[in-house]
Each structure stands twice: as C-alpha cells, then as structure tokens.
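If you check TrEMBL, you get these features:
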{"type": "ACT_SITE", "residues": "A:Cys87", "note": "active site, nucleophile"}
{"type": "ACT_SITE", "residues": "A:His204", "note": "active site"}
{"type": "ACT_SITE", "residues": "A:Glu206", "note": "active site"}
Amino acid sequence: MKPAVILFPGSNREQDAVRALRLVAGAKPQVVWHAEHELPPGTDLVVLPGGFSYGDYLRCGAIAARANIMEAVRAHAARGGLVLGICNGFQILCEAGLLPGVLVRNARLRFVCREVLLRVERADTAFTKAYRKSDLIRIPVAHGEGNYTADETTIARLEHDGRIAFRYARRDGQIDQTDGPNGAINGIAGIYSEKFNVLGMMPHPENYIEPEIGPTDGRGLFESLAGALKAA
Amino acid sequence: MTTPLNSDRTAVNSIPNTSRITPELVAEHGLKPEEYEHFVKLIGREPSITELGIVSAMWNEHCSYKSSKVWLRTLPTKSPRVIQGPGENAGVVDIGNGLAVVFKMESHNHPSFIEPYQGAGTGVGGILRDVFTMGARPIAALNFLRFGDCHNVKTRRLLAGVVAGIGGYGNSFGVPTVGGSVGFHKRYNGNILVNAMAVGLARADEIFYAAATGVGRAIVYLGSKTGRDGIHGATMASAEFGADAEEKRPTVQVGDPFAEKLLLEACLEIMKAGCVVAIQDMGAAGLTSSAVEMGAKGGLGVELNLDAVPCRETGMTAYEMMLSESQERMLMVIADGKEDEAEAIFRKWGLDFAIVGRTTDTLRFVVKHNGVVEADLPIKELGDQAPEYRRPYEEPLPRPVVAPEDVRTNASVADALERLIASPDLCSKRWVWEQYDHLIGGNTVQRPGGDAAVVRIEDGPKALALTTDVTPRYCEADPFEGGKQAVAEAWRNLTAVGATPIAVTDNLNFGNPEKPEIMGQFVACVKGIGAACEALDFPVVSGNVSLYNETNGKGILPTPAIGGVGLIEDLHKSMTLAFKAAGEPVLLVGK
Amino acid sequence: MKARVIVTLKSAVLDPQGKAIEGALRSLGVAGVQSVRQGKVFDVELAGNDRASAEGALKDACDKLLANTVIETYKVEFAE
Amino acid sequence: MKARVIVTLKSAVLDPQGKAIEGALRSLGVAGVQSVRQGKVFDVELAGNDRASAEGALKDACDKLLANTVIETYKVEFAE
Ligand SMILES: Nc1ncnc2c1ncn2[C@@H]1O[C@H](COP(=O)(O)OP(=O)(O)O)[C@@H](O)[C@H]1O
C-alpha cells in the first residue's frame, strides 16, 4: 500500500490521517505538498485530509480544489485509483468536481464537534469491506460546513446508484432527520463516485482508531483500504 | 538592506516635531505628568512624537505591569522542573524524556466586548503565538470566560460571538480546545472576561528565547503585513492625522488563523534549520515592544529601518508602524549567514519576510524612516526602567461567614437540585465546547466535561492534565482565601484525573488598581495564590494581568483565573468522573 | 419592497478572505486583478411601500445586527 | 478600474443564514422584515481601463472560483 496524503496550506489533520494509515494499515504514507504536479510513483491511495485549506475563505475547499496537485489527483481517480477525502478533503472533492454536490453551512450555523452514529450503507467497496452493511459505527464530526446538498436529480441518482457511503443515524438505525449534526439531505455523511473509487465523508474515522483515546470504529475504514490494496 | 551600524554612541540632540508635545498629548498617551518627566530626564530632551508613542506603549499597564510587578514578584516560580518562569513569552516546564511543556494564559477582555468574534479569535491567536515563538507546537487550548447577567440580550450576543470566535480561530489553526470555564454575573455586564490559554510541546533543549545575541545580526520581520490596526492615542491621532482617522484606525484587529497556521509551520521549520538566534512575537504594541524586549533582554542596541517593513496600507508614518497591533507577525534575529535559507522557507509558506534592522552594540533603540531618525532612545531604560508603583491599598475585610442554619429556605432537596442543575453557572457547557474542535490531533484522552482535560503526549503513555479555575464570588467575599481556593481547586481537578500537578499560569482580572479597595483585592488574591502555590509546590511559570476592568465605574468581581497543568506518567492509569458500575460504594474524601 | 444591504469591511481593516482570493485568482491566471475585498450582501424583502420608513428599518437592522460599525460600513440600496 | 461582483444563492437553494437573520431581526423588533437572503460581494480592483476585457476577466474569475454554480449565481457591476 502506497498512500499519499496531500498537504494544502491550512490543512491540519494530515498527521491524524498519517497516524491512522501507519497504525491501522501498516503503511508509510508520503506527505505531498499541494504545489507539486505529480504524485509519488506507485501511489495507490490519495488522501485529502481535514483542515481549513486556505482558511476555508471564499467557500470551504474552493481554493484548494484549484491547486496544482489536483490535476494529478484527477488523473489518478480517472485511472480508477482510490481517493479518500475526509471533511475538508470531501469539500475539496466536491469543489473539484470529483464528487457531485456541495457542502454548505451547518443548518444550525455553528461549528459542531461531537461523536455521531453512522450507518454503513454498503460493505462491498474498497473503503468498507471490513464493516457489515447497516453496521452502526461511532465516529466524531468536527466541521462548520458539512451540510451536504445537491439538486434533486443528483440526489436521486446517488440514491438510485447506491452511492451513499454513510448516513447519520439514530440508535435504532433509522436516518437521523431531525437531530443530525448538520442538516445534510437524507442524512448523507459520505458519498462515492460513480466507480466507487472516490469516497468523500465529513466524519473523522482517523480520530477513532486507538482504544487509549476512545472508540475504535474508525479502524474498519483503514483496514478495508489495506485489504483492498493488498489484494490488488 | 545594508544599514550601517550605529557607531556613534551619543544620542541625537533633538528630533524635530511637527506638532508640540503638550500636556494634553502626554495625557492622551496614558502617561502621568511625573512619568513623562521621568522619561524626559532619562533621554535629556523633549521626545519626538514617535518616541512618545513608543514610551507610552512600553510603559502602559499592559506592557510594564507597573501596578502589579511588586506583588507578582512574591509568587513562587521555581521547582526542579521549571526551565523558564515568568518573563518570557510563556513558561517552560520539564516533563521528562527530553520534552518540555510550554504554556501561558492571556486576556482579550476589552476587544472581545467591542467585537466578540474577532476579539476572542485574536486573543486565541496571540496566546498561540506566545507558545510557538518558544519553539513549541501547540497541542491544546483552553479558555476562561465570564459574561454578564445571562438574561440580557447583549450577554447572549456576546457569548455566541466569543464562543464562535474562539472556535473559528482555534479550529482553523488546528489546535484542540479541550477545556475552560464559563460563568455569568451582572458585575461583568459591561466588561466580559475572555482569557485564553495555550499549551505546547517542545524539546527541552530546543527552547527559543527573546534575548538577542551578537552584534550586527539581521533582525527579520515575518508574517502578515502591517496595517493601522489597534493604534492607541486615538484623540491625538485624529488631530494629527486628519478627519478620517476613525476610519483609518479600527481599534479591533481582524484575525487570520490561516496566516497564523502558516506562520507556525514556517517558524518551526526555520527553527529546526538552525536559523534562529532570538524570536519574539509582535503582540500588543507590536514592533515597539518586540524590538525593545529583544534588545533590552540581550543587552544590545537595535536599529530599525522602517522603509523595509511590509505594509498593507500606504503612507503609514513611523508612529503608526511602531504602534500597529496587526496580528500574525513575528520579529526574529537570524543566525549569521542563514538569511537566505530562512527567507526561502518563509516564501514557500507564502509569508512576508523582510530584514528590517540590525543588532548594535550601542544599547540604543534607533528607528529610521525615509532616511530620518524618528526615535533614538536608551533601550535598557525603555525596557527595564518603566515606572513601578506600590499603589496604596486597603486591607479587604472578609465578609462574615454564613452559617448554614442561618439560611432559610423552604425548597425541597429535589427542587434545590433542579435549580442548581438549571443554573447557568452549573449547567452543562456542551453548547460551548461542541463548537470547539476538541479532538483534532487524535490525542484527547479526556474531553471537555470532566474535572480536567487529558491530552496524550506524542505516542504516550505520558499525558498532560489541564484545567482553568477560580470562583470569583469567593474572591469577592475573602480575596486571600479566594486566591488560595482557586489554586487548590485547580490542584484538585488535576489530581482527580490522576495527574501530578506541576505548574500554573494565571490571568489576574481586576478593576481599577488606582482605587485602594481594588488594589487591596488584588494584593490579597496574589498573597492567597502565593501561599497556596508555596504550600503545594505548584510554581507559577507564566501569567497575565488585566486591570481596569469596570462596569459603570464599578469593578468586576475579582477574578484571578488559574490555569493548572499536571503530568500523568501513564495515561492508562488516569481516571474519569463517570460512575463505572452499579452497586459500588461511593466514598467522600475530606471533611 | 425589495432592498439590498451591502456590508463591507472598513478600508483599513484586514480582509484575510479577500487576500486569499486575490492570491488564488492570480495563480489561476485571471488577468489584471490588483486587489479583492470581500463583503456581505443581504437581500431583504420588506412590507409596505414607503421607502423612507423602509430605509429607517434597514438602518436600524444594520446598526443592531447586520454590521458591526467598529470594523464595517454598510449601504442600503433599493431596487427600482 | 473598480468592479463589484455579487454572488447570491440560487432561489431554490435553502439559505439557513438568511433565515436566522430574519428571525433575529424580528426578535430585535425591526419593523416589516419579510425575508432575508444572504450573499457575498467582492470589490475588485483591476488593471487597465477597458470595460469589455475587465468584464471578461471577471466572468472568468466567477466561473473558475468566485461562484459555485451548483448553488450560486453571480452578477458583475462597474462603478461609474
Ligand atoms: N469555555 C470552555 N471551553 C471549553 N470547555 C469548557 C468551557 N467551559 C467549560 N468547559 C468544560 O466544561 C466542563 C465543566 O465546566 P465548569 O462548569 O467550569 O466545571 P468545573 O466547575 O467542574 O470546573 C469542564 O470540563 C470544562 O473544561
């Protein structure tokens, strides 16, 4: 497994991502500066980490989406390479057009940092094989703009194609319509690209991997990636 | 730039002023007549307007601690662990394994009242800079907040703005905000308290200090550009600089957490590359206090060439540049021959970098602009010989102790409990700390909501415990006991999570020290804090004093906030406050 | 009645957003951009048809909430 | 040359910020406010004096960066 973690000015969870890839997937991630034009040779997973790239000024992720390295990320995705965008990374993927829709301000207009329950919508992708379908996992969110929205046709297509990766759920497994952290449409917490090789998600699995710190439900995502890339 | 060294050691005889230095002008700069006379005697002539601005910045309460210094000196500041006590940007304490914890607390009360979001945000920015200037990467932030009566609409707006501002800055910068305190009382109606604390981690043998060394070394300006932010002497300024002065001089700065994050990374990189001899952040009184402190502490002169200062606005005068409080800026002395390497690192991060001066052997602080000497002052006197007061104070009379049997109530225990839980001071503060990213970094072992926050150090098993405490109404009732109690509470909160308390920082928020009863509160609180710290072997390694906090002429409750830091050797042995199982005995310790 | 309120930072106040956008436009090769300052616009729908009283209400809104005059200035415009 | 770009949310897109402001204005007793929508304004300083080429550059800026056309629309105005 050869992951590359992209560092934009203002990224701030890149070390959290590196630690998760190291501890859970046994990888030695390379940190790649946004101004580069190429990914390190052999890169098989690109991670866009959390943070406030360019201060999230203008719109979250908007300026980072136009960075040099994004051309290489686009090409990598087009070849079927795996891309994981977490939080700001998800916002960047949407702004770059690698995923549809957009993340706008939380419905309550406040930043929110708390643990949420996520329902795993499918367990047959490179990102989720270590989970079971409909598993409820505990993962924290930490964002001010995680309210996923898109036009009706886009949402309908995402739903129809099974491209919702995770939804904010209640304890009984139902979608959290009222009390979700951010008001996202249909409780959407993460989505896949058409070929299921690009995943964008608001919650932070990389912060829930060590028993010393808290729950470890985030490990499954990195274990899945390790498995998928070993098999490949 | 090739400014020649200031080789002639005699001061200039005079620097022409366009407008006269009148007593009114002196007063508008916050200098008492006797302070001004003292200054004139020191320099042997009438000061220039720029010099007046410089001395007013250096000798104001905030920079010089002139009312509090004599009392602060009574606090215990040493222990075998203490590497650096008060006097630097932050305190430094050894935590073993070659590591040190670097921390400090600072107030941003007034700006937060005027513009809560930006005021609180720049408060966080300032304290983070204090910590990373010393070579430490910030690993946690806390905040201590007091607001007025919570039924006021104004209070709600202030609370919402301050909390959003703290989150807006800390979350974007990328430090977990793991704890703090929020309280309400009508005595804060017109003067809220916003105290921010930052905690960083550094290698114990790679701490950076403000004292400059070496003659002829480059003094470098780093970070964001200089604008007319927060310049003091407003009334004078409007006379001197035209009618649009109000528009030109916002008294509140806008923070740029993004620039600060870049500044952090660039500073740590440049330090690692061995480029830095001395470093000081430009906080209040920006360029003035940073340059003077670097020189005064290092026993060197400083010559600045303001033509090289990166400015955001055109036509800035020397006076304005020296007093600007623009945020996200630093001053550094660069190691010989390392200028290019340092510059390359800063450019990579997209930050300004300019050589704005040199160290000299003259012990004078010389400021040049457009080829003209605008200031030429003795640097030691400016830095170290600020006036110091032993202000008159009244010994506070502790309020009589209230006996439980004298308190009449017909509330049932259940009703009383309900009222307690519902009171704004005691209710859950989740609404507040959910707006702070308290998990970033992946090291937050205990989150807000417990007795103290616990943050893992690197990959463990060590961890730090962090808390901020004081109960202002105790300090009002009996300042000495209240001061003691604040320290004891911080100590208990740390021990309750299994930590050994190692040191404290403080933020002493009081009213007008020129009133003997307020000064009396201050003195007694400091004595109480000192007594408790002494008894507990809990040294004070950094802190901040905020005076003149008043609402309609009446002082706030005396509020000496204590920030406590404890060390946990093995985080697996730390404790949380939740009951773990049914049927277990509950013990009460103490009487 | 429709009105538009434009709130901008006073000219001497630092505008970190504008600065970041300026840099981004330059690096995207948009020609000739010298400076960018960002502000807010509020499109407000008001009851009634009396321009003067609407203007009063909006000034009130700005002073109370929409702008912090310590760092911002505002302007009220009416659609024809 | 000075220009102003105004970016607003498409009318079908929900504007929670505008809603919140609307509510706040009502509770502050500002009279007659029926609805509020919030947008952004960019005051741009451009080199040169050619209005047509400036307009081109700004359209470019909007399409490339200033507006997200999934949810927003924009308008370019020139100062007289
Ligand atoms: N401003 C704040 N920022 C972050 N955490 C806070 C803040 N205020 C309170 N908390 C957290 O909420 C919990 C309870 O706070 P407080 O009521 O002051 O408790 P205590 O009296 O036990 O110190 C603590 O864990 C504290 O860290």
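The first residue you see is number 1, and the count goes up from there.
Here the Cβ of each residue, glycine as well, is placed from N, Cα and C on the backbone.
A:His204 (active site) counts 27 other C-beta atoms within 10 Å of its own C-beta, drawing on all protein chains shown. Secondary structure from DSSP puts A:Glu206 (active site) in a helix. On the backbone, the CA of A:His204 (active site) and the CA of A:Cys87 (active site, nucleophile) stand 7 Å apart. Under the DSSP three-state reduction, the residue listed as 'active site, nucleophile' is assigned to coil, being neither helix nor strand. Note on the active-site residues A:Cys87, A:Glu206: the fewest other CB atoms within 10 A surround the CB of A:Cys87. Taking the Cα atom of each, A:Glu206 (active site) and A:Cys87 (active site, nucleophile) are about 11 angstrom apart.
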